[in-house]
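Here's what Swiss-Prot has on this protein:
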{"type": "COILED", "residues": "858-1393", "note": "coiled coil"}
{"type": "COILED", "residues": "1440-1479", "note": "coiled coil"}
{"type": "COMPBIAS", "residues": "643-667", "note": "compositional bias 'Low complexity'"}
{"type": "MOD_RES", "residues": "S222", "note": "phosphoserine"}
{"type": "MOD_RES", "residues": "S229", "note": "phosphoserine"}
{"type": "MOD_RES", "residues": "T238", "note": "phosphothreonine"}
{"type": "MOD_RES", "residues": "S243", "note": "phosphoserine"}
{"type": "MOD_RES", "residues": "S253", "note": "phosphoserine"}
{"type": "MOD_RES", "residues": "S261", "note": "phosphoserine"}
{"type": "MOD_RES", "residues": "S623", "note": "phosphoserine"}
{"type": "MOD_RES", "residues": "S652", "note": "phosphoserine"}
{"type": "MOD_RES", "residues": "S733", "note": "phosphoserine"}
{"type": "MOD_RES", "residues": "S1087", "note": "phosphoserine"}
{"type": "MOD_RES", "residues": "S1366", "note": "phosphoserine"}
{"type": "MOD_RES", "residues": "S1478", "note": "phosphoserine"}
{"type": "REGION", "residues": "638-674", "note": "region 'Disordered'"}
{"type": "MOTIF", "residues": "565-568", "note": "motif 'Nuclear localization signal'"}
{"type": "MOTIF", "residues": "730-736", "note": "motif 'FFAT'"}
Amino acid sequence: MKLYVFLVNTGTTLTFDTELTVQTVADLKHAIQSKYKIAIQHQVLVVNGGECMAADRRVCTYSAGTDTNPIFLFNKEMILCDRAPAIPKATFSTENDMEIKVEESLMMPAVFHTVASRTQLAVEMYDVAKKLCSFCEGLVHDEHLQHQGWAAIMANLEDCSNSYQKLLFKFESIYSDYLQSIEDIKLKLTHLGTAVSVMAKIPLLECLTRHSYRECLGRPDSLNEHEGSEKAEMKRSTELVLSPDMPRTTNTSLVTSFHKSMEHVAPDPTGTERGKELRESCQSTVQQEEASVDAKDSDLPFFNVSLLDWINVQDRPNDVESLVRKCFDSMSRLDPKIIQPFMLECHQTIAKLDNQNMKAIKGLEDRLYALDQMIASCSRLVNEQKELAQGFLANQMRAENLKDASVLPDLCLSHANQLMIMLQNHRKLLDIKQKCTTAKQELANNLHVRLKWCCFVMLHADQDGEKLQALLRLVIELLERVRIVEALSTVPQMYCLAVVEVVRRKMFIKHYREWAGALVKDGKQLYEAEKSKRESFGKLFRKSFLRNRLFKGLDSWPSSFCTQKPRKFDCELPDISLKDLQFLQSFCPSEVQPFLRVPLLCDFEPLHQHVLALHNLVKAAQSLDEMSQTITDLLNEQKVSTSQASPQSAASPRIESTTGITTTTSPKTPPPLTVQDTLCPAVCPLEELSPDSIDAHTFDFETISHPNTEQPVHQASIDLDSLAESPESDFMSAVNEFVIEENLSSPNPISDPQSPEMMVESLYSSVINAIDSRRMQDTSTRGNEGFGDRAALHVQLEKCRAAAQDSHSSIQTIKDDLCHFRTFVQKEQCDLANYLKCTAVEIRNIIEKVKCSLEITLKEKHQQELQSLKIEYECKLDALVKDSEENVNKILKLKENLVSLEEALQNKDNEFTSIKHEKDAIVCVQQEKDQKLLEMEKIMHTQHCEIKELKQSREMALEDLKKLHDEKIESLRAEFQCLEQNHLKELEDTLHIRHTQEFEKVMTDHNMSLEKLKKENQQRIDQMLESHASTIQEKEQQLQELKLKVSDLSDMRCKLEVELALKEAETDEIKILLEESRTQQKEMLKSLLEQETENLRTEISKLNQKIHDNNESYQVGLSELRALMTIEKDQCISELISRHEEESNILKAELDNVTSLHRQAYEIEKKLKEQIVELQTRLNSELSALEKQKDEKITQQEEKYEALIQNLEKDKERLVKNHEQDKEHLIQELNFEKNKAVQTALDEFKVERELVEKELLEKVKHLENQIAKTPAFESAREDSSSLVAELQEKLQEEKAKFLEQLEEQEKRKNEEMQNVRTSLIAEQQTNFNTVLTREKMRKENIINDLSDKLKSTMQQQERDKDLIESLSEDRARLLEEKKQLEEEVSKLRTSSFLSSAPVAAAPELYGACAPELPGEPERSVMETADEGRLDSAMETSMMSVQENMLSEEKQRIMLLERTLQLKEEENKRLNQRLMSQSLSSVSSRHSEKIAIRDFQVGDLVLIILDERHDNYVLFTVSPTLYFLHSESLPALDLKPGEGASGASRRPWVLGKVMEKEYCQAKKAQNRFKVPLGTKFYRVKAVSWNKKV
């Protein structure tokens, strides 16, 4: 296992030991520095996902470091270099020598050694292929990792931008709040200045410093025990705070420094007055303080420390002066003049960070996918090399095992073919390697530029982020300091209030402790007395029969209340006395005197009354000791009595006493207690028990518990049961009364008399009444027997009853008060709730009514306005809709024209060279036009100056007239009051009539002008449509002619080999560029059309506004006239007539001047129109000349291309003819040589045969002579017969040998012929390849020229766009000039209107007294009407001029677009011609040529395996697919896709076409793996045999 780090700059993987994963990132950086010499400061380590690795964290905490997910390293030194990092190119030792080795091995003879050397070469080629494939895979893997690294750094950039945006948003929000509160901060600082001056005058009390010093040292407070230590601490505190001589100087220095800091604030244009106020207040405070200090130096005691000195000492060196200085420094740093440009820079950095063109690498994923496909083809080539190498090894093993030399020639020939295939595969692998290396280098170059951008952008963002953080800190610190300032400004008031509060609390504690002591003392006595009484009664009543039956609850105990002293509080208060407060009153300034008032003492009378009441209650409780004495006597009697005495005898007097109770009281309705004589005074109400907001709740009634207490509900009854010694009637009445009270206050009282509980109670009470009545009868019969005992008991009972009545009367009064208050509070609550409900309902009703009324009124107004607006804008909308529809139709037609003419742009190559010269001419024309425009501007400037002078003179005259007029009005105002009303009524009527007439005239004129404009626009649109239709017809005719030419050229199609298919990629790139240019042109057209429509809309809105302004101006004039009529009065007729005549003459002269100015402006407009028309005619003529030149150049280029095409066709025909002639000549030579060789062999064989026959005849003759000579003829005959037989056998053997030799010679000749044929074929192929390469080079040059021309056309298009932009700029200038003229005309119109207003006013004012001058106001009205008509005419003329300009500019743009479209079409056609030329070879089909287009039956085709479709297809350069029929697979010895893998299937085979059928995919899932609806051919073919 290793740790993988990927260097993104160069795309290399760095490996390290896994021990570094346990160590920190800093150790990893040191390891990278030591191993790869990359400095630590230049290293940036990023994990997938964008997280940057921290130096102090361990490497293993990040989920990265594997080979698939490495740590991405960025070298900043490489990024900041100007040159991109170079990718190292790896070359293997044998990859370049393979071709030489193959050529050498092909030259070797057919021997075993050649077989072994070729197998070794094949194995070497396979090894090299494996290395190349692994190298290419590594390169592509590195590119994938580079892509991942770029994605990681982009994620990091995204995180940085998000954090930067959050920081900026936070700062903007805080800074906006700060800007809103600047004035508040300045006000707080001024308050602090006044507070500082006050604090300097307030002396610090000595006891306060002792207290704080004691708190610092942590010593306990002991005010009475440690007086000596307090004195020592006081001395130390005075030494620590300040010496007695220092405070004056420090105070003055502080105030002066505060003043200086106020002066040194950054000057704010809005807050200068506030700064002056601050300075004045500071100076006044300094002067006052110096005077006060000088006056009071003699009166100050020894401990002379002010409150300001103590505050300054608390946090040295941060005193008040430094606090204020820091506040003003930070405010000057946060000046909007400094911050706002910085904020703009921050927003610009955010925009730079969000640059999508730099973030996204367009087309990289498609490129990586293509590289993956290339790697897959590379692996296929390696597998093919492997199979071939294994075949070589197998053939070598067979040859070694057979050891037959006759097999070697065929084996060597097949080896040669296989070596050529391996060499081709090797070349392909080298090509793939080259492509991969170039792709990696290009990606590295691209990433270098983008990483440099990323580095600079992030650096800028970091710098701005640091500034933002510093500014944010500054704002936060400033706001915190302002809070401190706010707190310090309230210190004098708080100091005085705290001193007063301490004095008040001291006074209160004194009285409160006295009252609490007396209360606790009396409470203890009362509680102990009650406790002893209950204990004695409990001992007596414990064994009674009535204990748990009739008298329940007698075992309860009273709760302990006011038996303990309250806890200590306010122990740590400083020792401030009234003397100290008076001292402060005498020395503190007047600003603080309202806060230093002596607190008023509480009203302690209720406390004294409460103490007296408690004393009386204790006396009353102690006065009942006779009852307790009787109880003790009874207890003693029980002890003395005998054991025979029953418990009933002891309880008999109690039972007898109860009879009285039952007779007098009823259980259902107990009567209230009536106390006649009270032994103790009335108890105060509960509100008076506590003084000054200290009520009875200070003591917790429930917390002091008793061991025998029950729940809180029962404790109230227990308190009432404490009166058990009282007579039983009173006791029962009190209990019943309490129960009723509880039932009233309880949430669920039992009030139903028919409920089961009430029925049981009634039954129980009836039974008790019956028993009591029976007892009364018994006692009446026995009354005489115990009369003496009754008398004594009766006396005692009366005493007890009196005491019980006293106690119950006090309780009854308390309960009555409580009940009264409870009912009062409940009534108040109910009344309040009802009142709130009623008021809420009333308010809601009012709000709803107001809402309804407002909604109704608003709806009515809105509907009226909507109706008026609908009526006004319906006609405008109809016109605009018509225009928009016409524009949409035009756009659609333009789009159709664009689509139809897109093919012509590719063929316009040399046209734009002439446009340069034309552009120069246009530039000259533009310069001349600019000069003329400058001259016109100068003239306009001079005229404008003259108009200003005239206006000034007119204004002076008007001011003089107004002064005279005002004087006369003041003198004659009192005389003409009686005539005012009649004259005003008549004038109002006449003015109303005239206004209506003038308004109707203006409206009619406006409608007429609008109708004229509509008619003119419609005529122009019709003319445009007619011209557009004629141009479309002409273009359609041209298109038809061009289509005929294309059809003529498309008939000349021929064949070409497989290698030309690689040029399609270049054409695709050109198509992409063309599509981009088309889209840009479309966008330009859309934008121009939208701009024109918007301009038209704005002009229409301007016209409406002008009409509305005119109406408003007329209305304003009428209102002014009415106001003047109401203010002014009739004056002397004779003087006014004379003055009026003079003023009218002056005004006529001014009006003449204004009309002359109007005429001059109209003449200037005419001149401008003429110049515009001239410029338009010039531009039209120049454009027509440009079009003519373009047409001429197009025809010349077409002629050139036709000539080139003819020359190419002639060259091809010559080549084909020469090739055929060479081939025939070679075949003839081969036949001739073959015949010659056969004849020579036969001749030699005949000669040899004759020689052998001659030799045999001579031998026979010689043998016959020998036989004849010898005597033993018979023996010789036998020998001769044996010799003849032997000779015959020899002859036969020799014949056989000769025949074998002949056969061998024939075989050799045949092999030689085959070798000659193969060599001829190879020569033919090489010649054909050379011709092809030449043709290819020529066509590549043509394509390059075309691409260069296309680039030039694109450049020229850009220049045309610039020209269009310049024309649009000229148009904008003209529009601006027009606007300026309109503004001047409007100014002149307003001035004329203002001048005509007083002229019309004067005669109308005095019309009642001067009937001889009725025509003067009518003249002024007519003049204003004439001026309005002139303005409307001028506006209509300007509108027509503007529309003419817009239409002419539209025509120019349309002409340029059409020329561009024609160029695109011609470019496309020329590209198609070039493609057809490059794909055409020989028109006549030859049997031994491979067809690559337009397959027919009998054509020789190349059948290849297409892995995308998993089928065999015919190799073609056309877009249509030709699939091989599945029935033809066995005939061609091919395997189907289902039965064999891609490695074992043959990659290609040659065949002949037998059948062809046209098909279409009807299912999405099909065996050819094509999309639904795809059209293709299915072809049947047979194997091609060269011999056949």
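Using N, Cα and C of the backbone, Cβ positions are placed for all residues, glycine too.
Local packing around the modified residues S1087, S1366 was summarised as the count of other Cβ atoms within 10 Å of each Cβ; on this measure the leading residue is S1366.
A straight line from the CA of S1087 (phosphoserine) to the CA of S1366 (phosphoserine) spans 16 Å.
Taken residue by residue with DSSP, S1366 (phosphoserine) is part of a helix. The average pLDDT for the motif 'FFAT' (730-736) in the predicted structure is 36. Residue counts of the motif 'Nuclear localization signal' (565-568) by helix, strand and coil are 0 helix, 0 strand, 4 coil (DSSP-based).
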